[in-house]
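Quick look at what TrEMBL annotates:
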{"type": "TRANSMEM", "residues": "13-34", "note": "transmembrane segment"}
{"type": "DOMAIN", "residues": "40-245", "note": "domain 'TLC'"}
{"type": "TRANSMEM", "residues": "46-69", "note": "transmembrane segment"}
{"type": "TRANSMEM", "residues": "99-123", "note": "transmembrane segment"}
{"type": "TRANSMEM", "residues": "135-159", "note": "transmembrane segment"}
{"type": "TRANSMEM", "residues": "179-200", "note": "transmembrane segment"}
{"type": "TRANSMEM", "residues": "212-234", "note": "transmembrane segment"}
Amino acid sequence: MDLLASLAAEERWLFPLFLAMYAAIYCVGQLLVFRRWAPRQRLDGASCLISLFHGTPAALAAAGAILALPAGSRSFAAPNARLQDHVLDYSVAYFTMDLLHYLAFLPGDVLFIAHHLATLFVFLTCRYLVRHGAYALLVLLLLAEVTSLLQNVWTLAGIWRDQSPAAARVYGALSPPFYALYTLVRGVAGPLFLLKMAAFYLSGQAVDVIPWWVRISWILVVGTAIAVSNLWIWNLWKELVREWKQAPSKSKKDT
């Protein structure tokens, strides 16, 4: 809490510092941590590394920024507090760095590029254009990043599972709890909060502080992101169930 208090008191624009930090972490990943990996694996590993430094800290900071406000100020139309702006800048820096990674090395990965552009649009309009509504986005950020640690460890294990039996075991052990938590957050909590957010913004209660096109675009972007996330996890569940069904027959063949 002392860190959050000092961050709330910080008047400087912290985005350049955050971006430099992510750039340094990315370079460490590319040049040191994953230097022995194959080129494509090294790229994915470096991206996961900066995500590790973003996800859990961002979720904790978002929770702290929300709890630091009086209950009456936790409104979808409330003006942004300084601490909320810093948390948004922390995430904007991460998505900017990861977007540059994809544009430079993986320009064909259109889905991730579109996701990052849409996320940056929402965060930037909240942070720099309307300067209201950070409460809603920080709740969504918390929901999005609460699974980040599990997801990144699972992803790194998945990258290395063909070369390492230990990584394959970690991947297999993490898949069910990660899928379950992700489904709970993205399939239940996320849609419920989106419905609450959409009902507020469509009612016109924020009309004086957030233009209609911003409110509508936020709802569309968040709704699309949740739908794509649920489609992704649904496909992973189907693959996992198929592997479970195939496991008994495979073990019989081995014996």
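The backbone N, Cα and C atoms fix where each Cβ goes, and this holds for glycine too.
Summed and averaged per residue, pLDDT over the domain 'TLC' (40-245) gives 96. Packing against the transmembrane segment (99-123) from elsewhere in the chain are residues 26, 43, 46-47, 50, 88, 91-92, 137, 217-218, 221-222, 224-225, 228: each is 6 or more residues past its ends and has a CB under 8 Å from a CB in it.
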